[in-house]
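Worksheet for the structure shown next.
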Amino acid sequence: GPDLREFINGNLSDKKVWEEYKGNLKRQKGERLRLPPWLKREIPIGKNYNKLKNTIRNLNLHTVCEEARCPNIGECWGGGEYATATATIMLMGDSCTRGCNFCSVKTSRKPQPLDPDEPYNTAKAIADWGLDYVVLTSVDRDDLLDGGAEHFAKTVLQLKERNPKIMVECLTPDFRGDLKAVEKIAVSGLDVYAHNVETVRELQRRIRDPRANFDQSLSVLKHAKKVKPNLLSKTSIMLGLGETDEEVHSTLKELREAGVDCLTLGQYMQPTKRNLKVEEYVTPEKFQYWETVGNELGFLYTASGPLVRSSYKAGKEPDIYRKSNCIDRIRSLIYCISNLRENNLKGS
């Protein structure tokens, strides 16, 4: 995959840079694509970045930002334009029981036992950072009876006890299709239930672990809304893995018909040489097109851009998202959804 130097000093906002780029965007057999200019990032530095990193180390916590080698780590941890540091905490250790072909998180059939202090330590760290919005995610833990759902729920409860106003998003595994595990998290007090389908329906078997599939993921998203109708549901798709426009459009339509509220689309980037190669670097212009499609299909919001990730600036929407305050928008959306459903019940 690309090394750190390739990510430095990119300028996504300069349209001229990507319009004039002459490099190959689609991979030919045996070729390794060069990183285009719109995907390059600044070196991660700054007080917020160092403070976050030190706190995470001291409390023995893990972040998906590091484990998945996210290119946005400097901006999110450093606070970026909004001076709002955001980190996605990865619960239940750093070893996953699955091995998806796109992911760099290490795998193990028998990961370490759960840390019983992790829910408390996570809540303490987030309270110390003073965040308004936090994203909790985890590795897959197929070795546990409930997949770690109870551990997720305890962490949400600890967070809400310390700060009832904090917005909590949980980006969960599929729990092998165990809807009781999904329900346990959905009713724990969180605000946004996220689960990623990762890619279009047609590429699931090539991209994801054999134990995951599109319909199973769809059932997770549907059930979370069924047991807690006021929740916002959210999913994410990577582009650049060989999907066609027809497949993307069909997948987005199916997600919307399933009642998914929020959608993010971002560029797949090969994290290590062991992972799948990038088949295509999708242009910012094409990502803007998919944002328009998502909005037209009726998603409450669609974030689409080369560097968008499922939890990228979850508390503050990025530039491509009209720089509006995501926390206020989510609170407003939850309020509106509640009122709409109450009115529908009264009218029926």
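Counting begins at 1 with the first residue displayed.
Just so it is clear, glycine is given a Cβ too, placed from its N, Cα and C backbone atoms.
Pulled from TrEMBL:
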BINDING   Cys65, Cys70, Cys76, Ser311  [4Fe-4S] cluster 1 binding site
DOMAIN    81-300  domain 'Radical SAM core'
BINDING   Cys96, Cys100, Cys103  [4Fe-4S] cluster 2 binding site
Near-site residues: [4Fe-4S] cluster 2, ref Cys96, Cys100, Cys103, CB cutoff 8 A to centroid: Arg98, Gly99, Phe102, Ser104, Val105, Thr107, Val139, Asp140, Asp209
Coarse DSSP state, helix versus strand versus coil, of Cys103 ([4Fe-4S] cluster 2 binding site): coil
Tertiary neighbours of Cys96 ([4Fe-4S] cluster 2 binding site) (same chain, Cβ under 8 Å, six or more apart): Cys103, Val105, Lys106, Thr107, Ser108, Pro111, Val139, Asp140, Arg141
Residue among binding-site residues Cys100, Cys103 with least C-beta crowding, 10 angstrom cut-off: Cys100
Model confidence over the domain 'Radical SAM core' (81-300), averaged pLDDT: 93
DSSP three-state assignment for Cys96 ([4Fe-4S] cluster 2 binding site): strand
